Amino acid sequence: MISMLNQQVELKPILKFQITQIYSHSLIQEIKALITRLVLQVWRRPATLMAGIIQPLLWLILFGGLFYNAPINLFTINTSYNCFLSSGIIIFTSFTGALNSGLPLMFDREFGFLNRLLTAPLVSRTSIILSSATFMTCISLIQVVFIVTASLFMGNSPLNSDSTMIFGLMILLVTVGVTMLSLALSFTLPGHIELLAFILVVNLPFLFSSTALAPLYFMPPWLQLIASLNPLSYAIEGTRYLYSSVNWNFTECVIKISWGDICLGQIIILLIALDIMAAYLVSNILKAKLN
């Protein structure tokens, strides 16, 4: 009897369910749930998606109509200005859509929803960034598809299967790189006013300092230098090369700049390198902010 009293009795509740199963969501499930939330936001308020389609479409129609009677050989050989412009507007559409990708996350910060996510028992806080990046990349690609379709009705010839793969790769690289930078800005800047101001300041200068609206040799020397440093110029010229060449290859010269000739393969390597640099920069910023 004494030995039984000396024994320690451990009381345990009888559970009818396993608590660990409630919080055992994988990273993919978290990303899927967060993307579903963002999809519902766009479904209920599609104005942002429509604006991202209408704005570049107006550029394509109105600016293309402005130079409708321009000589065929004025900008490039045997190419109308509408065909010349469409490549620039396609890249500009992906750039603009990706640049706005930090706004939903910024509003989540200001309205307190991000704090709820950070205090939730997530498998990884990286799912917050991956879901936003994946969703905004898909939105930008949807906008690009609409602009590509519109450009076909304005005289652009459709790409073949191989050209479409390289074209899609360049669009994806531009979109992912700019999306990561925009998400980093949404954590760095104090509010949505500053982020909107940054977008307004950066958007049009990047367009006019690239080869989207005019070829490089039309520009003064100082603007040629700026356009040569603009990554959008390389993506635009690569897209333009795919549209204008049937038998394209990775080693043929695409754009001539002051320090050498750039081929299609070098453009893709450059875009990949810029994405890697952006990913490294953004990862360091997000680690500091999320932790």
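We number each residue from 1, going along the chain as drawn.
Every residue gets a Cβ built from N, Cα and C, even glycine.
Pulled from Swiss-Prot:
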TRANSMEM  47-67  transmembrane segment
DOMAIN    47-289  domain 'ABC transmembrane type-2'
TRANSMEM  87-107  transmembrane segment
TRANSMEM  135-155  transmembrane segment
TRANSMEM  165-185  transmembrane segment
TRANSMEM  195-215  transmembrane segment
TRANSMEM  262-282  transmembrane segment
Interface-richest range of 47-67, 165-185, 195-215 toward the transmembrane segment (135-155), CB pairs under 8 Å: 47-67
Outside the transmembrane segment (47-67), six or more residues from its ends: residues with CB under 8 Å to it: 81-82, 85-86, 89-90, 92-93, 96-97, 100, 139-140, 142-143, 146-147, 150-151, 154, 213
Distant-in-sequence neighbours of the transmembrane segment (87-107), which means Cβ under 8 A and at least six residues beyond its ends: 38, 41, 48, 52, 55-56, 59-60, 114, 128, 132-133, 136-137, 139-141, 143-144, 147-148, 151, 170-171, 174-179, 182-187, 189, 191-192, 195-196, 199, 202-203, 206-207, 210-213, 232, 235-236, 239-240, 243
Positions on the same chain near the transmembrane segment (262-282), where near means CB under 8 A and six or more residues out: 166, 169-170, 173-174, 176-177, 180-181, 183-184, 231, 234-235, 237-238, 241-242, 248-256
